[in-house]
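In TrEMBL this protein carries:
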DOMAIN    1-110  domain 'WH1'
REGION    116-174  region 'Disordered'
COMPBIAS  123-147  compositional bias 'Polar residues'
COMPBIAS  156-174  compositional bias 'Polar residues'
COILED    202-326  coiled coil
Amino acid sequence: MGEQPIYSTRAHVFQIDPSTKKNWVPTSKHAVTVSYFYDSTRNVYRIISLDGSKAIINSTITPNMTFTKTSQKFGQWADSRANTVYGLGFSSEHHLLKFAEKFQEFKEAARIAKEKSQEKMELTSTPSQESTAGDIQSPLTPESINGTDDERATPDVTQNSEPRAEPTQNALPFTHSSTISKHWEAELAALKGNNAKLTAALLESTANVKQWKQQLAAYQEEAERLHKRVTELECMSGQANVIKSHKTELNQTIEELESTLKMKEEEIERLKEEMENARQLQAQRDTLTKKLQETETRNKDLELQLAELEQRLEKSQTEQEAFRKNLKTLLEILDGKIFELTELRDNLAKLIECS
């Protein structure tokens, strides 16, 4: 094909609101591919963007266009042929600057191509125009219709001079003058015949010019129709290339999604294994919890037993303390009795000694 994409980027596409000429109307729901196309057969640069199968940008770059950067990520240009203003929102300032650089480059290339095309047209049209003008002008001049000034004046002078001929040194005889008069009458009749033929040729030429004008208008309409058809075909060609690039992008996206899906499946398998391990850990946790509950129950029982033993120990200690007190009291009584018995023995011993 003659038209091929030479640079592509992604951006959100907007058009100026035709009613207010102030607000931007988004023409794409998401970022789409915006491409520069070059038609080598016509030497034309165009900007084309598709949203699905719909062409939302079809702008031919001309030397009088200007791409204006209105913010860090937004730029716009006016297209007089489409009678609208296009706006592009980029993801970064780098993409905006790159698009503006390409716009300026292709605009300059379009200007050079236009100048060369005009020079070729001037070189090819100048000789043909001169020859055509000469061909058209020659049968329509007054001289060609009525004769030259000399030819028109000669019969008048001759007719006027015949009745007023004055004798001179070179005066002609009457018979010779009559012959000249007949000759001029024949010439006048011939000129009148030529005049009539030229008048008829003029009328025929005028009719032919009208017919040629009608044919020219028909050819211009046909050329305009063919130009529109060529533009539609170029748009379809550009759309096919853009669709092909979209297909390539979609294939890449599908491959990325398949890779991501594979990673997700591996992650799902890993999560299943972790879930199985978690279930085993949960079972172990339940077993340990049950054992812990049993241990806590036994611990409570042991605590109750310990409390009971402590109570019994305390009671036993109390009883031992009371028993110890009783023993101490008995020991004190026993000591008193022993002391009394000792005194009684001593007294008996003294009595024995005294007797």
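The backbone N, Cα and C atoms fix where each Cβ goes, glycine too.
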Query raised in the report: What mean pLDDT score does the coiled coil (202-326) have in the model?
Result: 82
Requested in this report: Could you break down the residues of the domain 'WH1' (1-110) into DSSP helix, strand and coil, giving a count for each?
Outcome: 18 helix, 54 strand, 38 coil
